[in-house]
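Novice: So TrEMBL has the following annotated:
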- A:20-45: transmembrane segment (TRANSMEM)
- A:65-88: transmembrane segment (TRANSMEM)
- A:100-127: transmembrane segment (TRANSMEM)
- A:133-157: transmembrane segment (TRANSMEM)
- A:216-240: transmembrane segment (TRANSMEM)
- A:270-291: transmembrane segment (TRANSMEM)
- A:312-337: transmembrane segment (TRANSMEM)
- A:349-371: transmembrane segment (TRANSMEM)
């Protein structure tokens with residue numbers, strides 16, 4: 001370290017940004033977009049107009065922005081759930097099952113329990129968290145008692161959860177009046193309303209002040225209260241990681257389990273607590289997805305088709321388990337998904353291009369691609385440093 | 001229908017049908033495991049194999065081209081894991097997870113881009129893999145189905161003893177195991193560990209690709225989005241259960257094939273398909289639990 005490095009002059013700040021831009025994350029994103037462009041060429045679409053449609057669909061309008069934020073909420077929430085586990089060295093690949101069962105358990109409560117929303121919704125949340133946590137705990141117990149790796153058990157547990165939800169919705173909850181294989185819409189008391197209901201007086205004021213399609217109006221009248229829950233969860237995760245004993249122990253445990261065991265932390269209970277927390281959070285966000293306005297039915301296969309759990313996993317890997325990083329990466333990946341849907345509608349392509357680009361970012365990042373010139377220059381600088 | 005009717009001669013052939021794609025993928029995973037690369041990307045490699053096999057068979061109207069394309073595609077796809085894990089020292093688990101998602105996205109995207117259909121691609125031009133019936137032997141009761149397989153079916157079953165011999169009785173196998181267990185020692189013996197590891201990953205990709213070809217051109221003649229449906233993950237479990245031993249891998253794959261075939265039959269008892277579909281995964285989990293003693297060592301590794 002020299003004086004120039006530690007002094008935070010504007011020059012070094014710019015150099016820092018420059019170095020970050022030449023680093024693995026931006027380069028991986030650019031390369032992934034380039035490879036994505038090749039896929040569009042195969043499909044006979046001009047990549048420039050493809051990406052323009054994507055950008056327009058995700059950020060170009062108020063409705064697009066609201067859509068992106070709504071899509072990002074479950075991704076970020078489940079991402080936090082995965083990160084809590086990964087950070088402790090517990091490879092929870094079962095959030096799809098945990099979230100799916102949380103959605104079903106809480107959804108059934110919201111569908112059947114009478115009473116005012118203020119009672120029904122917390123009850124549904126408790127049921128969802130409990131179901132997700134219980135499904136996660138099975139994997140933790142299997143590892144603690146029998147040594148079955150969490151990586152495998154969580155993954156295999158996804159399938160019974162998936163098929164059970166499917167069966168329950170198709171045969172027990174199906175609404176004969178609907179073309180979808182889905183439950184009837186939730187009663188008002190079981191719905192998580194939009195931040196500002198569209199027909200309220202406040203919505204009218206917003207439309208007056210910010211314009212009927214302005215971004216602020218669109219977001220506030222197009223995103224439901226799960227946004228607030230998400231903000232609480234993200235803040236809670238940051239607090240937990242930095243300030244609590246559990247956060248400290250799990251962070252260390254993920255880095256060096258051996259060391260933590262010698263310093264007196266019991267790995268068994270840590271795995272149990274981690275999986276309960278991780279599964280519970282996944283269950284919570286699974287529920288928010290099904291009871292949150294504007295779509296409030298339990299739909300068969302919804303969770304699998306939307307691919308939230310796996311996108312969340314990629315987001316977590318991209319953000320290296322850091323909560324704020326997950327927020328940024330989650331918004332980015334949600335934008336790719338929403339944009340790909342728009343592109344698919346406009347140009348007749350499969351929206352799966354989103355999964356292609358997202359997975360490529362992670363793969364290229366695992367290759368740790370950086371601009372070679374910069375790396376050489378830095379290596380040369382370091383060599384000069386040591387020679388001195 | 002009475003319960004015993006679940007177990008008839010046709011059961012053997014359904015077990016074999018379910019078993020072969022998994023066996024091929026699991027044997028591939030075993031080779032990578034022996035070289036010290038944990039390959040959980042089998043699911044994606046299998047899926048890429050199914051798509052390439054169907055597409056090539058459609059365009060060439062020839063199943064041999066389809067099978068070769070499936071193998072080649074699986075191999076090329078596994079290059080991501082091989083290059084990333086061996087030469088860039090990337091985390092194989094991260095790479096493989098991303099690969100599995102990439103495979104689903106890529107095949108679904110190309111399905112729409114090339115064939116303009118969504119979900120399922122079926123066409124009379126797709127040439128399926130024929131069944132090679134060995135006369136006389138195929139008529140023997142009970143074991144007859146063993147002699148009425150596709151060429152890939154025979155290949156999969158023959159690979160079990162063949163890979164056993166290669167792994168435990170040849171210099172190549174010795175070096176491969178050496179690279180997996182003691183890479184430094186292998187290197188001092190003049191073996192290039194990286195080349196062996198890359199080769200092992202490519203071989204696993206090729207075998208998983210063949211598994212995909214069997215799935216899409218042998219068991220059925222069509223491509224469906226995400227048609228590997230967890231079979232690659234079962235193959236990963238099979239490798240772990242069998243501790244990367246060829247005969248064990250066969251046993252684990254057999255078990256899955258059996259669960260799959262029985263589950264399908266239970267539907268005629270009025271059990272809904274959604275519940276019987278979960279059967280193979282539940283059985284796999286139960287076996288993981290029953291064989292848990294084997295994981296004591298793995299647990300230590302997983303926690304470390």
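Glycine is no exception: its Cβ is also placed from the backbone N, Cα and C atoms.
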Novice: With pairs closer than 6 in sequence left out, are the transmembrane segment (A:133-157) and the transmembrane segment (A:270-291) joined by 3 or more CB pairs under 8 Å?
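Specialist: As far as Cβ distances go (cut-off 8 Å, pairs 6 or more apart), the transmembrane segment (A:270-291) and the transmembrane segment (A:133-157) touch.
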Novice: Check the transmembrane segment (A:312-337) against the transmembrane segment (A:133-157) for contact, please; criterion is three or more CB pairs under 8 Å, pairs 6 or more apart in sequence.
Specialist: no
Novice: Do at least three C-beta pairs under 8 angstroms join the transmembrane segment (A:349-371) to the transmembrane segment (A:133-157), pairs 6 or more apart in sequence?
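Specialist: Answer no: the transmembrane segment (A:349-371) and the transmembrane segment (A:133-157) share fewer than 3 Cβ pairs below 8 Å.
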